[in-house]
Amino acid sequence: HISFSRNMSGDDPIRSIIFERQEAALCAQHALNMLIQDHVFNYESLKMVATQMDQLERNLLGENAVAAGPSENMNASGFFSIQVIQKALEAYSLQLVNIDHPSMAAYKADPIIGRAYICNLGEHWFVIRRFGNQWFELNSVKTGPRLMTNTYVIEYLHQLSAEGYSTFVVQGELPASEADQFITLCPVVLKPSPKKELGPVEKFVKSVGRRLGGSSDFRDSPEERELAIAMAMSMETRSGSVVNTEESEDAMLKKAIEMSLEKVPEPHSAPDAANDQELVTSSETTEIMETPILSTPTPSDTSSSESSTPRDHNEEVRKKRERLMQQVEKKKEETE
């Protein structure tokens, strides 16, 4: 299957590039056609070139031809060797030179000075080519041309070399193409990918993270995650639909704190007395800078908890939480 599209309307210059999708193992055929920007090569024409080269090699080897083994210029799946690709390009007065050859030192140091490259690893071939002043990767196993910045081309070729790819510099004048003219006049502009819209529950969970003083710079603690989950679950009905959002986030926060009153923490995780502080109110919303029910004990609390009974300690925790609820109610009344 060959997929390509020409666009004469000017609304999408990248569609003027001839691109072929992978068929069998015919990546060499696809690479040649995408380099030339014309559908001139097919399996039969390349097979003929490979057969001619096989015969030439047998003539050179003479009696040693049998010992050399079968031809490596092509196989039954449609793979063709670099020798076949090079021979096919001679019809366009183009040559391929390995970028690691000493004569290609300038291209290896600054690939942007080139016009096109053919890359190979194992039995796969693809092209990196410039149209106008923009570079594109033309790889038949992908869905279409991929625009690359100059900086990325340099880094990408270095990466390919490190991964064992062979890169060949295309030497000579490439045939004129519609895509080259089109993109010279109308460079391709990448459209930003649309951001995924978060659902109501996801939005609320993100809001909970901010209200708890969370940050994307560090991971939430298990307690923070549990509280966020409790808040999110409280917004859902049994059928999985979201409850009417007329209930404010402050009310949801209050509900989650009330839910947490049903569980009394172990003595070693008692809230820090220093965290029993007032809430900070802004002009838009009430934000809890630190949440006592999620705080960790300080050395002073640890020592005091050891000298008190579990019942006294639990009662003290419950009183602190009740004071927190009173503070929430008080701040809400002040804002109203």
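Just so you know, glycine gets a Cβ as well, placed from its N, Cα and C.
What TrEMBL annotates here:
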ACT_SITE  C27  active site, nucleophile
ACT_SITE  C27  active site
ACT_SITE  H124  active site, proton acceptor
ACT_SITE  H124  active site
ACT_SITE  N139  active site
COMPBIAS  278-288  compositional bias 'Polar residues'
COMPBIAS  291-308  compositional bias 'Low complexity'
COMPBIAS  309-319  compositional bias 'Basic and acidic residues'
DOMAIN    14-185  domain 'Josephin'
REGION    264-336  region 'Disordered'
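Separating the Cα atoms of H124 (active site, proton acceptor) and the residue listed as 'active site, nucleophile' is a whole-number distance of 6 Å. Comparing N139 (active site) with C27 (active site, nucleophile), their Cα atoms are 8 Å apart once rounded. Around the residue listed as 'active site, nucleophile', the same-chain residues at least 6 positions away in sequence with a Cβ under 8 Å from its Cβ are F79, E123, H124, W125, F126, S140, V141. When the active-site residues H124, N139 are compared by the number of other CB atoms within 10 angstroms of each CB, H124 has the fewest. Across all of the domain 'Josephin' (14-185), the predicted model scores a mean pLDDT of 91.
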